[in-house]
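The block underneath contains the structure these notes are about, expressed in structure tokens.
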Amino acid sequence: MIPHVLPTYNRAPLAFERGEGAWAITADGTRYLDLGAGIAVNLLGHAHPDLVAALTEQAGRIWHVSNLYQIPEQERLADLLVEATFADTVFFTNSGTEAAELAIKMVRKHWDHAGDPDRIEILTFEGAFHGRSTGAIAAAGSEKMVKGFGPLMPGFRTLPWGDHAALDAAVSDRTAAILVEPVQGEGGIRPLPDACLKGLREICDRAGALLVLDEVQCGMGRTGRLFAHEYAGIAPDIMMVAKGIGGGFPLGAVLATEAAAAGMVAGSHGSTYGGNPLACAVGARVMQIVADDAFLAEVNRKAALFRQKLEGLIAAHPAVFEGVRGQGLMLGLKCRVAPTDMVRAGYDQQILTVPAADNMLRLLPPLNIDDAEIAEAVARLDRAAASLAA
Ligand SMILES: *Cc1c(COP(=O)(O)O)cnc(C)c1O
């Protein structure tokens, strides 16, 4: 008999009752060091007092009104995002998938509005992940995600990762946009080199196409800059944000320049919940904490410390680990064993990690993890690796 919850997940036999900072705690009081952060979502850990205050204060005032009315909390968060980024305007969603959906619609509307409605091809890359809607799976084009869900939405072309010749050959006057994650998350913590991101910007400028960045996983300070593309010194035309921006409350956003958003007018797009007062009150508090040079400098300092310790871990377990890659506190340990085995071995040492493609074990701690917790995480990973080798 089918379970009452549709069985689309492979869940671990673990349930958490509460959390404190980098720790998730089961009903019997067992403390797990949480290096998954709900898949890069709990940016400031569990039950951060400022976020709890922002949420509960808002909860005592008003939860939801719909976008039929002004939402001051939404305007405040939009102000913060516009101030801190390339963007001129923001649309709020409840998830990364919805942000991807709007980014795709915005690209199409942009070219229709520009009088070039046949310009519909969006170039994407192997290993990409943009969500699970019909549009987002067409954009990713990975076999696992699309199998049985055809026909796929037309207008997407998936290119091999790192193949410059294939990219040059694919760009034409039908190219509406290039859509890419500056650091692939699900694809296995694969950072796009700065020179490549610069190159994509130049290709888009030359072809007149839009550059759309998916910073759902790598954005919001995760890589040590507020947004990962800042490392390359370029700006996109459209950017998707979600995961960390709500600190655990469902929230996503599409940021865009005024030019890219041309054509989006009243009635073009909408959402019942998107940008509701609860989500935006929390999002604004997250932005105030994270969009801060001193906070981001700390992320980078801790990332360097973590990486140095991980190099030691790899050297100690050459049969289990091959290397480390990533940027900031978006790190991946490339495994010689199945990463899911390493995740399970981690459970036995009370540490939570997340597998990814390309044999990666993702380490995505809350950005406010402290030095002692980083040392503790490496000690637990060390014991987990030793148990696998045994
Ligand atoms: C998680 C993710 C998404 C989808 O976000 P959901 O909130 O799960 O819908 C899209 N793009 C990237 C890069 C992601 O990591």
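Residue numbering: from 1, along the chain as shown.
Backbone N, Cα and C define each Cβ position, glycine as well.
According to TrEMBL, the feature pyridoxal 5'-phosphate binding site maps to G96, T97, F129, D214, E215, V216, Q217, T272. Marked as N(2)-acetyl-L-ornithine binding site by TrEMBL: R132, S271. According to TrEMBL, the feature N6-(pyridoxal phosphate)lysine maps to K243.
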For T97 (pyridoxal 5'-phosphate binding site), the one of R132, K243, S271 that lies nearest, given that the recorded positions are compared by Cα: R132
Of G96, V216, S271, binding-site residues neighbouring ligand 1, Cβ under 6 A: G96, V216
Neighbours of E215 (pyridoxal 5'-phosphate binding site) among the recorded positions R132, K243, S271 (Cα to Cα, within 10 Å): K243
K243 (N6-(pyridoxal phosphate)lysine) and F129 (pyridoxal 5'-phosphate binding site), distance between Cα atoms, whole Å: 13
By Cα-Cα distance, the member of recorded positions R132, K243, S271 nearest Q217 (pyridoxal 5'-phosphate binding site): K243
Subset of binding-site residues (G96, D214, V216, S271, T272) lying within 10 A of the residue listed as 'N6-(pyridoxal phosphate)lysine', CA to CA, in sequence order: G96, V216
Least buried by Cβ count (within 10 Å) of the binding-site residues T97, Q217, S271: S271
Conformational class of K243 (N6-(pyridoxal phosphate)lysine) under the three-state DSSP mapping: helix
Conformational class of T272 (pyridoxal 5'-phosphate binding site) under the three-state DSSP mapping: coil
R132 (N(2)-acetyl-L-ornithine binding site) and T272 (pyridoxal 5'-phosphate binding site), distance between Cα atoms, whole Å: 20
Tertiary neighbours of D214 (pyridoxal 5'-phosphate binding site) (same chain, Cβ under 8 Å, six or more apart): G96, A100, A103, A128, H130, L179, V180, E181, M239, M240
R132, K243 as recorded positions, winner by CB count within 10 A: K243
Assigned element (helix, strand, coil) containing G96 (pyridoxal 5'-phosphate binding site), judged by DSSP: helix
Cα-to-Cα gap, V216 (pyridoxal 5'-phosphate binding site) vs S271 (N(2)-acetyl-L-ornithine binding site), nearest whole Å: 19
